[in-house]
Amino acid sequence: MPKWSLSTFVPEDSSSLEPTSPPLVTQLTHHSARISWSLPSSLSVPHSDRPCFQIELQMCSSDASKENPQKTIYQGYALFCNYDELVSSQRYRVRVCYKYKGEVSPWSGASWFDTHPLPSTGKDVHRAINNWNEDQLIELLREDKVSVDIPNDEGLSPLMNSAKKGYTNIAKVLLDYGADTTFTTSSGKTAISMACFHGHVEMVELLISYHAPWDIPVKSGLYPIHSAVSGGNLEVVRFFLDKGVCVDLLEVGTKWTPLMRGVVVGTTLEILELLLEKGASTSVRDDEYKTPLMLAVINGREEIVELLLKFGSDPHLSNKYSKNAVDFARTLSADGIAHSVQRHVRILKMLEEYKS
């Protein structure tokens, strides 16, 4: 499930479609809720023809003069979603609309709900972690082992919180008390993905020694090595390559290799060079049949284009629309955003002068 949808559709008050009933909120905790909804009574369709639903959430403000933004937390065909990035002791409103045969319904009425307070033991556990207080943490866990996996207001479990900070001694205490290494937020974060993104190689080694999954993707489709690339952490990337992770391991969904992810997010040249030296393919294609070089051109990564050419990237390979890296550079150097045109002009010149 995406954190926020980037392709939201706009409800139409004049729509001929009937709005649904207000959504039902159940299984409330201090940070999560199950939100369910149903088809309007006038719409009887087979499961295969179910409309696409959109769920919008808003945190209510205690200041009457201010209004928090409304956020889309789900878009899809199911009749429920679980959301676990709520803030404790807060009031929220949630509503639903749907799209059917090209038409968008009006919004449903809103449902209001209040999240529970963060359990006192949970607060104390996270406070002990934030203060790097190992003795206090042990004392708390001896009193209440259940609190070992209570998330904080960010939706992070104690283990994830310590993994993010790189507190290996704290993490070991939590692991010895049975902390769940597979605990996952709705946006797909896990303890090992946090450690990889934030560059804590000793934490990564510790988590793996406690059987944290390092060779399967998280909900978002990323493997730990992709998270390390995104965070720009050379030593973590090197650790996984030395451990035997495939240098061309594909993300689920985008089919990006670590090299392709690094190109798109603009990771360090040192990481990209390491991947290339370890044999990363420069001709691999993603789900849209783009090569790493095409991605570098599209994103205006001038130094990365130069590096990829140095390692033998072919600028004349085409995507499924028969467009190659030179074509992208030519288009963007003429029609790109003003501040990036000059950069794409230089990239185009580099590609046109390239000789394999």
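Backbone N, Cα and C define each Cβ position, glycine as well.
Residues 1-21 are the range that TrEMBL records as region 'Disordered', among 1-21, 106-126. Mean per-residue pLDDT, taken over the repeat 'ANK' (187-219), amounts to 93. Beyond its flanks by at least six residues, the repeat 'ANK' (220-252) meets 187-188, 192-201, 204-205, 214, 258-259, 261-262, 265, 267-268, 270-271, 274-275, 278-281, 284 of its own chain at Cβ-Cβ distances under 8 Å. Note: the repeat 'ANK' (220-252) comprises 17 helix, 0 strand, 16 coil (DSSP; helix = H, G, I, strand = E, B).
Assigned with DSSP, the residues of the repeat 'ANK' (288-320) fall into helix, strand and coil as follows: 16 helix, 1 strand, 16 coil.
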